[in-house]
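Following: one structure in structure tokens, then a few remarks.
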Amino acid sequence: MGNKQTIFTAQQLDAYQDCTFFTRKEIIRLFHRYRDLAPQLIPLDYTSGPDVKVPYELIGSMPELKENPFRQRIAEVFSEDGEGNMTLDDFLDMFSVLSEMAPKDLKAYYAFKIYDFNNDDYICKSDLEKTLSQLTRSELSEDESRLVCEKVIDEADLDNDGRLSLDDFQHMIGRAPDFLSTFHIRI
Amino acid sequence: MGKPYGSMPRKKVPRGEEGSAMDFAILWDFGGYAQYSVLFYGYYNSQRAIGWLKFRMPLSYFLVGVGTVAYSYMVVIRTMARNANEEGGGDDTSFNFSWKIFTSWDYLIGNPETADNKFASITTSFKESIVEEQESHKDENIHLTRFLRVLANFLVLCCLAGSGYLIYFVVRRSQKFALEGLESYGWWERNEVNMVMSLLGMFCPMLFDVISALENYHPRIALQWQLGRIFALFLGNLYTFIIALMDEINLKREEEEVVKFNMTIWEASLYNGTLAANVTAAPITVDPADVPRGPCWETMVGQEFVRLIVSDTMTTYITLLIGDFLRAIFVRFLNYCWCWDLEYGFPSYSEFDVSGNVLGLIFNQGMIWMGAFYAPCLPALNVLRLHVSMYLQCWAVMSCNVPQERVFKASGSNNFYMAMLLVILFLSTLPAIYTIVSIPPSFDCGPFSGKNRMFDVIQETLQSDFPTWFGKVFSYASNPGLILPFILLMV
């Protein structure tokens, strides 16, 4: 096949390579993965930059995301409209941040946004409770859940405002031994 | 292949025992045909090389025995080293809960079953951390706790001393019975030692469990204490057993001297005075079953170990059936017509006993290591037993057990179990090695018959099978002056 591909213009491909951590081949491959989600919706020719979105239901049923308890939040964070319906740019962005080539700070930033359920730029107690209930499929009792959330705030809240800011979160996650290996999706 | 059954005196059931050799009772006790089979040491011939391939059988017997022990050491130590690497990393506990909440889910999971397992393990991990957190907040009355712990240890020591004395007493009694001839006693007297050891092994751990309620430790620490105590109990039992065995070995060796003397008389009687002195005649063919036998102490040792393992297995299965299964049936069906709720109060279903099962496995392995040199097919028998045990216990756990009330990760103590296994390996190979090095083998049975010590087979191989220069090199290399600096270097 060589260098001849008719999906993107040369500038588009260069732009994608600059914005994400993927190579040209990977971008083409990811485009085909994206298109396979909704072949009738996505044209094969992206040179004109069409404005199409794949609805959240199809994104959430991808094998890489299907078992993840936070898939809805991930899609919401990376989608333009905040509802989970993703354009190709959003799609590439999402998998680029979650790939192993992305640096820790970038991942921490997006992880913070994912776990911030009410989008108020702080992880407060209700966000923690929602995270915990999705993580354990609501197996913990109310008392146990409350204890855990209080402990988390105790441990990580450095400016003592009762909620985690981005700085608190990054400070805490920077020391975590498993963060990079678990916050990783391979596609 | 070696000579078949019946071709040599050591390979055939003696004439006197032939009548009863097929009886189930005798076979269950590993006498009769079972005794004169590849199962035990005494069957093997001492011919230096067998068949057209010149297979060195005695040498291979010796090296396999030593080699399996060496290999076991390597495997256990390597596993411990690997476990130590993995456990050593997580010492920082300042963000315990935060890390648990934000980094425990693995985003790479795509398989629904894996996801289910992961959810379950995350939940368990949270519950364990919550329990630990709550424990650390409790106010403790240190003096009372310390006093109770000292009291508990004192009670445990009394139990151990009591069980040690009981076994000593029973062993002395069985020696008395043996002197008077076993035929005049019933089944209980004959199997007294094995039964007492098995019963002690069944009831003492329960006693320790009750005593440990005084101590109020974290479940993981309590488990380690429990394991340590049961370990001491079994070790005491096993070593008393071995001391008893040593006494019997000495008895058999005295008997052997008598038999050797009688053999010369018997051989002379075969020729029946048809010879003058100092004339060698052609050997008269005698049926191997009629040749008088020496008491083969190695086979006796092998038999004792096989019997011990069989009685241990039986005890385990019976405990399982009665303690778990019957109890579960009792609780389930009699609950309708009983005054109090059987399922929540006493007795309720039995909990899955991590410590007991692990120790059972470890001690089973220890007994195999001890007996494998004298009963070569023992590991094969044990593999069979382990298969059966696995299925039986799997069924028992699924149908009659409930999980332990306090949640904690037993797999965190991996290296503790491995360390126990290592200690058992060392302690169980000690008796076998002692007997190899210090007791001369029987004169008429086994692959080392006729030699002065069992390890002479190596000497013999070096002299006759290797070229002469090799022997010289080896004798220089085994000079203490060379070995000592080498050992110091390794240390």
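Each residue, glycine too, has its Cβ placed from N, Cα and C.
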- Item | From B:59-77, B:325-343, the residue range that TrEMBL assigns the feature transmembrane segment | B:59-77
- Task: Tell me which range among B:383-400, B:473-490 TrEMBL lists as transmembrane segment.
- Result: B:473-490
- Item | Beyond the flanks of the transmembrane segment (B:59-77) by at least 6 residues, Cβ under 8 Å | 44, 369, 372-373, 376, 418, 421-422, 425, 429, 432, 447-448, 454-455, 457-458, 461
- Counting Cβ pairs closer than 8 Å to the transmembrane segment (B:21-44), the top stretch among B:150-171, B:195-214, B:226-246, B:358-381 is B:358-381
- Give residue numbers and ranges for long-range contacts of the transmembrane segment (B:358-381): same chain, 6 or more residues beyond its ends, CB-CB under 8 A. 38-41, 44, 61, 65, 68-69, 72, 205, 227, 230-231, 234, 238, 242, 298-299, 301-303, 305-306, 308-309, 312, 316, 417, 420-421, 424-425, 427-429, 431-432, 436
- Same-chain residues at least 6 beyond the ends of the transmembrane segment (B:195-214) with CB under 8 Å of its CB atoms are 148-149, 151-152, 155-156, 159, 163, 166-167, 170, 188, 222, 225-226, 229-230, 233-234, 237, 241, 308, 311-312, 314-315, 319, 355-356, 359
- Note on the structure: Given the transmembrane segment (B:226-246), its same-chain partners at Cβ distance under 8 Å and 6+ residues beyond its ends are 156, 159-160, 163-164, 167-168, 171, 174-175, 193, 197, 200-201, 204-205, 208-209, 212, 301, 304, 308, 355-356, 358-359, 363, 366-367, 370, 416, 420, 427-428, 431
- Message: Return the average pLDDT for the domain 'TMC' (B:296-411) as a whole number.
- Response: 83
- Could you break down the residues of the domain 'TMC' (B:296-411) into DSSP helix, strand and coil, giving a count for each? 84 helix, 2 strand, 30 coil
